[in-house]
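Here Swiss-Prot flags 1-70, 316-345 as region 'Disordered'. The compositional bias 'Basic and acidic residues' annotation in Swiss-Prot covers 46-70, 316-327. For 87-114, 158-196, the entry in Swiss-Prot reads zinc finger, with the evidence type sequence analysis. Residues or ranges marked as phosphoserine by Swiss-Prot: S301.
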Amino acid sequence: MPPKKGKQAQAAGKKKDNVDKTFGMKNKNRSTKVQKYIKQVQSQSDPKKEEMRLKKLEEKKRREAEEAERRALFNPVADQRVRAGVDPKSMVCALFKLGNCNKGAKCKFSHDLNVGRRMEKKDLYQDTRSEKENDTMDNWDEEKLRKVILSKHGNPKTTTDKVCKYFIEAVENGKYGWFWICPNGGDKCMYRHSLPEGFVLKTNEQKRLERESLEKQPKITLEEFIETERGKLDKSKLTPITIANFAQWKKDHVIAKINAEKKLSSKRKPTGREIILKMSAENKSFETDNADMPDDVTQGSAWDLTEFTDALKKADHQDDGGIKDYGDGSNPTFDIKKANSATLA
């Protein structure tokens, strides 16, 4: 059906009104602000058009929400894991592929679908180990060092906050590299192989300046250091050392040592060896009776241990702990009282 005349007249009037409002404006086709104003005027003059646009926008959002809900229900995604030594940004987010990731820039995985295609392919015709051997730590900066550490050791596997001392020593001494192995068990080391927070890698120039500053510092010998420390002492409270007082101190020291040994020997129980030696010293016939004894102890007559047994019984009746050793002292200690009580029981 042809449009009614009333509607045609109304549309023509609106069009004329729009032309009148924008008449005389400069730079209609150049200025973005003017174009924006013209669109605003046109939308105000035709409210149904703006209403249709908003309705389509709401319909589009509703369809997107339904599609996201359908994917979440029928296409579940398992937790995406990262292997040790792999940068998460080199992997495309699995939820982003399905359109369900709502983390945006905070997601640790990449939202670029071309990230996997841009990865450099490994050249099978070249051996890269020689390049790594020449790529020593002397040419690295702090950023390169952290990347190599992450590539070699991967994500930390331990819960301790302590950093491996061998790792720090290797980094500070410039011995760390691609082929460095931790002496504390290699990859099974229980401590962290990562730089502590606030660590700053010193450059070769800084190390050279430190060495020069150490070389410029005054050096003294051990004798000079001792004399310097002696000069700091308060001489009014000390006695100067002379030959006479040193000899007297040595004599007193020897006497005190002898008295301490006598006091200790009077308290402790004599060993079997000491009893034998004492008996041989007191009884001269003990040596003469055994002078004809053959060298081979497996051949010969039995010993008369009567005196030794009496000495043991005499020692057993004393108040202290009993004999603590036997023979030459190499045997384990034992308690005669405990042994006698065990035999009686």
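Glycine is no exception: its Cβ is also placed from the backbone N, Cα and C atoms.
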Structural state census, the zinc finger (87-114) (DSSP three-state): 11 helix, 2 strand, 15 coil
For the compositional bias 'Basic and acidic residues' (46-70), residues assigned helix / strand / coil by DSSP: 24 helix, 0 strand, 1 coil
Three-state composition of the zinc finger (158-196), taking helix and strand from DSSP: 11 helix, 2 strand, 26 coil
